[in-house]
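According to TrEMBL, the protein carries these features:
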- 7-20: compositional bias 'Acidic residues' (COMPBIAS)
- 21-30: compositional bias 'Basic and acidic residues' (COMPBIAS)
- 563-578: compositional bias 'Basic residues' (COMPBIAS)
- 241-258: domain 'CCHC-type' (DOMAIN)
- 307-388: domain 'Peptidase A2' (DOMAIN)
- 1-30: region 'Disordered' (REGION)
- 545-594: region 'Disordered' (REGION)
């Protein structure tokens, strides 16, 4: 072994010793750090344990009974959050949890569970009181829960959120249930309908409470009563003075513009008498009542369940109520949730939609049903909208609704004409001559009529032109057609009508055949009779008005006469030898004294 090998071995020994020293140093530092951490943790645990006891945090913990359907898992989560903050051990958790148990849970932990550790107690309570909550029951409970009169809006909101926490529910549905549970006028709750999330609803509830508090302050308080039971009048009420003639507050009796017309009647607003002596007849009103028309209802069947549906041509969608949706077995809903206005409120929304086959009048139709809350649609279980009515032909006769398929409209009557003849012609060979009294004249006239044959002799080539001398319109006499010609025109009109779309012509048969409107000769006579009737009615009304005016004038004069007699004073009369007789009266002669 030479010198180089010895030097290499010494260097390797030195390096290994340096590495061991470094490892020992790192281990020492690690142990020292762990000791200090354990000391800090121990001090912190000792400090917390000495300052926070169960009595200190007892008010922050909720008790659990299991009788009201509480969520046991959520209760354990809140309990463990407080226990971790206070740094309780498992033994302390088990003891303190038993103190918070009440009712059925306390009896179960004492006699059935027999748990010795914290984990056994938690496992036993969760296994016993964790129930599968039906989503339908949660929705029903949310609908039935209302806000108390003395409850704060935020407290009510958190109470509803606690009920909804048992199932997975959208925020929009939670907001809808919370707003529906507030008992108030729809105009006051308008500020809440625009919320789409719980965070936004929380802000709107604060604004809603401020709005209610301002309205409560603006309500006028009732008048206070004095000790004797009479209401006390304010200074402003005592200062109000009215006119004794017309009752106005703008002026007094001295400046009344109606002063010269006498006293005013507060019953008929007339002058010259008071309400106690008013002779005006009350105005009569005629009330017309009629029986209320019912809605158009129809029996339908879906999956073997019978429904009484409402036919509504003004609705764009077909709706079904939530309880009837549950009766169908709660089929899965689609993700299409629509917002709509209707049913007496705005801002409504559907829960979802599903498609089913509906049987009505022996036909099967595929219909899309939109589920809405029971509070939105209260009266009817099913509403048929235009999305379904567009698939069928709707017929209504005597308030009975019938549905037909669009391909079964004709019912096998394709050859029947759409528009029948507009008039019927009764042809008769007999000529009525009963107005001719003499028999031989009657027979002679009948022979002339039967023997008449219209023949054209010759054409002279002269045409006549009517020249009117005034602007008065001339009514052309209607032209009467022979039965044969009339029938030709009827067939032509019928042909035109059958070749066009079915519609109402809006014209009479005479207008269709001749082309002009028939003029009635008796129009002038009828107009004259109507004018005479109106003139007689006007004279009668004027006579009644005159009689009423005379009666009112006589009553006014009689009232004035009575008031004048009351104010009139009799002249004083003196005797001759009366010591109180004035001297100038004694100096007068006998003739002057008379």
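Glycine residues also receive a Cβ, built from the backbone N, Cα and C atoms like all the rest.
In TrEMBL, annotation is done automatically, which means it is predicted and not curated.
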Long-range neighbours of the domain 'CCHC-type' (241-258), counting only residues six or more past its ends (CB under 8 A): 264, 266, 271
For the domain 'CCHC-type' (241-258), residues assigned helix / strand / coil by DSSP: 0 helix, 0 strand, 18 coil
Number of helical, extended and coil residues in the domain 'Peptidase A2' (307-388), per DSSP: 9 helix, 39 strand, 34 coil
